[in-house]
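Undergrad: The following feature annotations were taken from Swiss-Prot:
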SITE      29  site 'Transition state stabilizer'
BINDING   64, 65, 86, 179  substrate binding site
SITE      239  site 'Transition state stabilizer'
């Protein structure tokens, strides 16, 4: 009996958040260990089903770095990173698109549907949803910078009661294909949709200081200080920059959470203390 009462109390503690966030759009960047470990993958899918059932409109943007690395290695194609971004030549671009749009996207969509969600997998190239140009004059090869998001494609899917699962591949002005950093892709989509939240699942606790302690709340000033002292560097830079762009564009809050923690998404959304870092 006591266990049942405790369960009821836990459910009721989430009620204010369910009421607050019903019918709101949450853009969720899905990547890291949560996308690899079988138990975490299933936990994530169940979390998304719950969000859908309580009326939160989830939009999922996924990465796939580890699987891309694996396929590139099999084909003897090298992986090079500059400023946390994958340098992508023409051969690598074909592998990236095949892996993201053809394999990973459909795996995620199928898993969500298996657990009772209604999800549809799409590429950013579909209906020219994501338009892009070469990032930094081709410094990174076929890595692109999003220039426009056709939000009507996404809203049509959402309004039909479906969850869009988006591969971060975009189309250029000459119909060339671009690889988009998944964090930056999620940021651009959240900004165009004016989402209530954008949430980045990662393999770290959140934003850490130089002593590797979690910082629960940040703003632009504190982020610049962390960049200057080196606490934010490497692959964390595009993630943080993506968060800041969201906030400047009208997104309510940006969260970075540890995807290795079971049900981290629910813990961040439906509890007072959360588990990661929030940027406002």
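Every residue, even glycine, has its Cβ placed from backbone N, Cα and C.
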Undergrad: Go through 29, 86, 239, our recorded positions, and report the one whose Cβ sees the most other Cβ atoms within 10 Å.
TA: 29
Undergrad: Quick one: which residues besides 64, 65, 86, 179 have a Cβ within 8 Å of the substrate site's Cβ centroid, in sequence order?
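TA: Sorted by sequence, the hits are 63, 68, 88, 96, 99, 100, 168, 181, 182.
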Undergrad: Under a three-state reduction of DSSP output, how is residue 65 (substrate binding site) classified: helix, strand, or coil?
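TA: Reduced to three states, the DSSP call for residue 65 (substrate binding site) is helix.
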Undergrad: What span in Å does the substrate site cover, taken as the longest CA to CA distance among 64, 65, 86, 179?
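TA: If we measure all Cα pairs in 64, 65, 86, 179, the largest is 12 Å.
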Undergrad: Count, for each of the binding-site residues 64, 65, the other C-beta atoms lying within 10 angstroms of its own C-beta, and report the residue with the smallest count.
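TA: Comparing Cβ neighbours within 10 Å for the binding-site residues 64, 65, 65 has the fewest.
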Undergrad: Give the three-state DSSP assignment (helix, strand or coil) for residue 86 (substrate binding site).
TA: strand
Undergrad: If you skip the near sequence neighbours and keep only those at least six away, which residues in the chain come within under 8 angstroms of residue 179 (substrate binding site), Cβ to Cβ?
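TA: Non-local contacts for residue 179 (substrate binding site): 86, 88, 93, 96, 97, 142, 143, 144, 168, 169.
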Undergrad: For residue 179 (substrate binding site), which DSSP three-state class applies?
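TA: The three-state answer is strand.
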Undergrad: According to DSSP, collapsed to three classes, what secondary structure does residue 29 (site 'Transition state stabilizer') have?
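TA: Strand, per DSSP.
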